[in-house]
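S.K.: Here it is, the structure in full.
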């Protein structure tokens, strides 16, 4: 009898226990479905954060007093007609503030912009010139409108400052360069906030979190199995056979490790097929992360089994450790507290969760590997501790 015989026997024995199959395979899938569905509105998907086109009303300055106002009106019209801005706003022109306010109240507009009467005067005096906002009902669309037109005033103030310091010839040269195609008609860089690689759905978040947590629960089966051989007095029979304690111990660890891998494979594939969870395009990094979590799970199970005196105390201790690490790392809900976030960096769950999320968001490989490396460091510390405890206590019948 060698390690693999014990490993296969251990795996077959565990899979025959209905409670293990329920807790390690079915329960995480149910939790991912419930949490992902119930909390989808709090996180949202990438599509949820794509804003609609903003219906903007522009109240133009009267041009009766001179050509300066006409210049501002033309500059603003050119700004909203640029391709980058035109994709995000639908413009309606008004001559009075009352008309724009009425359209906002009747839900015909989302946001309105008015050029103050002293706009040109502030520019000529070197003061900061600002547009006047008339906000609508949607805060998101208001923020988008303010951001776009603040960029217009910033660019206008910048050009006026250049004209005042360097002279109008510089502005003329810049304009001719823009018309010849050597410069963009607007310096605005418009990005889609739903495609910036920073949004993940609730299903993705809780799939990664529950995978890490329930893989750690495989360590509880390890602890229970090690105690079971003692309690059932079968360990002394195994020790009577021509095999060493190390072979028995390693076989049990290998069997529970295979169980953890089977569990991870099931959760990843089922969440992908049933819930549409996108795990990213780095399958080998997912495997490497699962290897590290499995190592952490087994070492935690060994530490608890060798330190505690009974199955009940070992199960309670390990369960408390797993739940605490999951909570601190934000596995149930992200915790925006600096102290808690710093504390979570000492947990397995934090680095496992961040590794999975970086892969889901298609982050740079260096960023993914950094999180996996830190997870490996935590696992190495746990492995060292478990090795020292095993060397001192050993696995034997007492």
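Using the three backbone atoms N, Cα and C, a Cβ is placed for every residue, glycine included.
According to TrEMBL, the feature domain 'ABC transmembrane type-2' maps to 159-393. The transmembrane segment feature in TrEMBL is assigned to 20-39, 205-227, 258-277, 283-308, 320-337, 368-390.
Explain the structural surroundings of these features, please.
M.R.: Within its own chain, the transmembrane segment (205-227) has Cβ neighbours under 8 Å at 10, 14, 20, 23-24, 27-28, 31-32, 35-36, 39, 43, 249, 252-253, 255-257, 259-260, 263-264, 267-268, 271, 275, 277, 279, 290, 293-294, 296-302, 304-305, 308, 310-311, 314-315, 318-319, 322, 325-326, 330-332, 348-349, 352-353, 356-357, 360, 395, counting only residues six or more beyond its boundaries.
With a threshold of 8 Å between CB atoms, the same-chain residues lying at least 6 positions outside the transmembrane segment (258-277) that come near it are 7, 11, 14-15, 24-25, 28-29, 32-33, 36, 201, 203-204, 207, 210-211, 214-215, 218, 221, 286, 290, 293-294, 297-298.
Same-chain residues lying 6+ beyond the ends of the transmembrane segment (283-308) with a Cβ under 8 Å from its Cβ atoms: 212, 215-223, 226-227, 253, 256-257, 260-261, 264, 268, 314, 317-318, 321-322, 348, 352, 355-356, 359, 368-369, 372, 375-376, 378-379, 382-383, 385-386, 389-390, 393, 395.
When Cβ-Cβ distances below 8 Å are used as the criterion, the transmembrane segment (320-337) is approached by residues 39, 209-210, 212-213, 216-217, 219-220, 300, 304, 343-344, 347-350, 353 of the same chain, each at least six residues removed from its ends.
Panel annotation: around the transmembrane segment (368-390), residues 249, 282, 285, 288-289, 292-293, 295-296, 299-300, 302-303, 306-307, 345-348, 351-352, 354-355, 358-359 of the same chain, lying at least six beyond its termini, place a Cβ under 8 Å from a Cβ of the stretch.
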